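**Student:** Taken from TrEMBL, the feature domain 'USP' applies to 1-162. Here TrEMBL flags 210-302, 317-420, 445-570 as domain 'DUSP'. Taken from TrEMBL, the feature domain 'Ubiquitin-like' covers 652-726.
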Amino acid sequence: MPRSFLADAGTRKKVSSKFNFPPILDMHPRISTDGPDSSNAENSLLYDLSCILIHKGNFADRGHYVANIRNDSNGEWWQFDDELVSSLGFHPFGDTMAKSSKEEADDTSIKCMQGVESHETTCGIETGVIRTADSDTHGKSLNQFEESLTSADAYMLIYSMRVPHAATTNSRTNETFLFPNELRCIVETQNKALLEKCQEYKKNLENMIAARTRRKDEIKMILSLMSVDSQVHQYFWIASSWLRIWADELDPPPIDNSELLCEHGKLHPSSVTLMKRISKRAWDSLFSQYGGGPELSAEDYCIECIMENAKNVASVSSFKSERARIKLMLDNGGVSPVDEKFYFVSKTWLQNWLRRKAAEAPTEVDASPTAAITCPHKGLLPDKFPGAKRQVVPGEAWEYFVQVAQQVHQGEGEGCMGFLVATSTCSICEAELIESTSQQQDLKATKIAEREKHEALFSGGSIPLTLGEAYCLVPSAWLHQWRSYLAETGKKTQKSEEPVWLESSIQELICEKHQGLLFRPPKLMKNRRGELIQANPNDDVFTIILEETWNDLCERWNVNLAQSIQGFVVELAKQECISTGSQEAEKDESGPDDSSIPVLMTKPEACHVCIEERESAELIRRLQYVDEEIFVDVVEGNEPPKALLEPIESQRRVSKRARRGPTSNKRISLKVSGTTTVYQLKLLIWEASSIVKENQRLHICRTELTDEMASLSDLNILPGAHLWVMDTGVHQNRDIAEELYAQATDTTTSEGGFGGTFLSGNLPGLAGVMADNMNVG
C-alpha cells in the first residue's frame with residue numbers, strides 16, 4: 001500500500017516526493033482467478049478507493065491528520081478535519097483537482113487512440129489503463145478521472161471491494177431485523193417523549209414569534225403617536241432608560257420616572273438629558289398597559305431647584321470674577337490704594353493658589369493660607385523653620401482669603417490665622433530654633449574633625465602593610481555606614497543616622513560555637529610601587545586598619561578594646577599555605593613550591609568548619625539558577641587570548657572593554673539554567689554561531705568540557721561565566737534541524753495510533769519487510 005513514510009535504521013523521515021495511486025485497483029494481474037469460484041472472482045478483484053488519510057507537516061513524528069472519505073451511497077467525497085467537515089464534490093481532493101485531472105485524462109485518451117498504452121509503476125503496483133466502474137454510484141465519482149491520482153501527503157489508502165449492484169440489492173432485501181420486545185418498548189417510549197418535546201418546542205416557538213410580532217406592531221403604533229407640538233398639544237415626560245427597556249424586552253416592567261425627580265418630588269432641571277417628551281395619547285396608551293409613574297406633565301418642573309441652580313451659576317460667576325480680580329492685584333505687586341494693612345501668608349500656599357486655574361468653587365486647598373507658618377503655640381513660626389517661608393499680601397486680598405476659608409470650613413477660621421506684618425515670631429519656637437542650630441553646628445564640627453583625623457580611612461584607600469606588624473580588622477559594612485554618616489554635613493546633619501554599634505557588628509562575624517571568624521581574612525597583593533596592601537578593601541567583609549585608628553574608633557563609639565580582631569602579616573611557605581587552606585596559595589599555583597607567600601593571620605583565627613559549610617550552602621544556592629546569562633567567546637586561530645585562560649572573579653569590577661571580550665573574537669550571550677547539560681549548551685552555541693556540535697572544543701579557562709551529559713551545576717559554572725570555544729573544522733557542516741530531529745526520535749516509543757502494525761516504524765526488521773512488500777511480483 002502506498003505510504004508517505006519509510007523506516008530505516010533507527011529513524012523515521014517523511015518522504016516528501018509525490019507518488020501516484022489509482023482510484024480503482026485492479027488485482028487481476030496479481031491474483032489468479034482459476035478455481036471453482038472463478039466466475040464470482042471476476043468482480044471481487046476490483047477495489048474502489050474509499051478513504052485517504054492525509055498527513056500535513058514536514059516531520060514524521062508530528063503534524064496534523066485529515067481524512068477524505070467517500071460516501072458509498074452517492075459517490076460524494078467528504079473531508080474530516082477535526083470538528084470541521086466539508087464536501088469535496090466527486091473528486092478525492094476536491095472539484096478544483098478534478099478539472100486539472102480531466103485535462104490530463106484527455107491527453108491520455110488521445111495517446112490511447114493512437115495505439116500507445118500507458119504503463120506506470122508506482123509504489124510497487126503496476127497500473128495500465130484504468131477501468132471504469134460498473135455501477136452508477138461509482139461511475140459518477142470515478143469515471144470523471146481515469147488517470148492515476150497524485151499526492152505527496154497521502155499516509156494511508158483504503159480500498160473497498162467492489163460488490164455488484166444486484167447482489168447488494170438482494171442482500172439488503174433479504175435482511176430481516178428482529179428487535180427484542182423490551183428494546184422495542186424502550187425505543188417507542190423514547191420516541192414518544194421526543195415527539196412530545198418537539199411538539200412543545202414548536203408550539204412555544206410559534207407563541208414566541210407571535211408575541212414578537214405583536215410587540216413590533218405595538219412599538220410601531222406607540223412611536224407613531226409620540227410626536228407632539230408643544231405649543232398646541234399637551235405633553236408628558238418619560239424616562240429614556242425605561243423607553244430603552246420597553247423597546248428591547250418582550251415583557252417590560254411598569255413605567256419608572258423616579259430618577260427624574262428632585263428632593264421636592266418634581267422634575268429636576270438637570271434631568272432634561274434623561275427624559276423624552278411624548279404626546280398625551282402615547283402616555284395614556286403606555287400608562288394603561290404598564291402602569292407605574294409618576295405622571296410628569298409640562299407643569300411639573302421644580303421652581304425651587306431652578307432658582308437654586310440659578311444661584312449656583314451666579315455664585316460660580318461671582319467666584320471666578322472675584323478670584324480673577326485678586327489674582328490680578330497680586331500679579332501687579334500686591335499693591336492696593338485703599339489698603340493700609342498687610343498680612344503674612346505661606347509663600348508655598350500662595351504660589352500654588354496662583355498656579356491653580358479653572359476654579360469654579362472654593363476647595364480645601366483655598367482654606368489654609370497660614371497653616372504652614374503657624375506654630376503649635378498658635379504663633380508665627382520663625383522664617384528659618386523648614387517650609388515656613390512667608391509672603392506679604394494686602395489687606396483686601398487677606399479678607400478675600402478669610403472669606404473663602406470660612407465658606408469651606410462653614411464659618412470656622414481653621415488654618416486661616418491672621419498675622420500682620422508687624423507680628424513677632426513665637427519666642428518658644430525661636431529658642432528651639434537657636435538650640436537646634438547650635439546642636440547642628442556642633443555635630444557638623446565633630447564630623448569634620450573626625451573625617452580629617454581619619455582621612456585615609458574615610459577616602460576608602462588601602463594602607464601599606466609591613467611584615468611582622470600588628471593591625472586590626474573592622475567590618476566593612478560598618479565602615480560604609482560610618483563614611484555615609486560623616487559625609488552628611490549640610491542642613492540634614494541632625495537627621496543623618498549614626499552607624500550601628502561597632503561592637504555588635506564585630507560579634508555578628510564571630511562563630512559562637514568555635515569562637516572563630518565566619519569569613520576568611522582579606523587577601524593581600526602588591527601595588528605598582530611594590531607595597532603590600534589589601535587586595536579588595538571595598539568588597540571584602542573585613543577592612544584592615546592601623547591599631548591607632550582602631551583605638552580612636554573604640555573611644556569615639558564606646559567599644560571595648562578587648563573585642564578587637566587582630567591581624568598579623570607573615571610569610572609562609574607555599575606548601576604550608578596549601579595545608580592551611582589559604583586562598584593565596586590557590587591563586588599562586590604557578591610559582592615554585594619552595595616560594596613564600598605573604599598572608600594575614602588573624603586572632604581569633606578563621607573557623608574553617610563554619611566557613612566551608614556557609615560557602616557550600618551558598619554555592620549550592622547560586623548553582624540553582626534558571627534562565628540566567630553566560631558568555632561564550634568564539635576563538636579564531638590556534639590559541640585563545642590569555643584573558644580567557646584566567647578566571648574572572650565575580651566580585652571584581654570588570655571594565656566595559658573586558659566585558660566585550662577580545663576584539664578579534666565573537667562573543668555571544670546565552671540564556672541557560674543550572675540543569676542545562678554540556679550537550680544542550682553545544683546545541684545553543686551551534687544555533688548561535690553555526691559551529692557543528694562535533695567541531696566544538698568548549699572550555700572554561702584552561703579546562704575543556706568533554707562530558708556532554710554533565711550539567712552546568714555539576715561543573716560549578718555560575719551565571720555570568722565566560723567560556724570559549726574553538727571550531728576544529730573536522731566534521732562537515734550540517735543543519736541543526738537534523739540533530740534536533742534525531743534527538744527527538746531517539747526513543748523506542750511507537751506511534752500510539754498504529755501500535756502493533758508495520759506503520760509504527762520501529763518493529764524489528766521493518767525495513768526488510770517493507771522492501772520485500774515493495775518488490776512483490
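We count from 1, first residue shown onward.
In case you wondered, yes, glycine gets a Cβ from its N, Cα and C as well.
Note that TrEMBL annotation is computational and uncurated.
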**Student:** Give me the mean pLDDT over the domain 'USP' (1-162), rounded to a whole number.
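**Tutor:** The predicted confidence over the domain 'USP' (1-162), as a mean pLDDT, is 68.
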**Student:** Using DSSP, what is the helix/strand/coil residue split across the domain 'Ubiquitin-like' (652-726)?
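**Tutor:** In the domain 'Ubiquitin-like' (652-726), the DSSP-based counts are 20 helix, 21 strand, 34 coil.
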**Student:** Mind checking how the domain 'DUSP' (317-420) divides into helix, strand and coil residues in DSSP?
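**Tutor:** Computed counts for the domain 'DUSP' (317-420) are 46 helix, 13 strand, 45 coil.
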**Student:** Pull the DSSP breakdown for the domain 'DUSP' (210-302) and write it out as helix, strand, coil residue counts.
**Tutor:** 46 helix, 19 strand, 28 coil
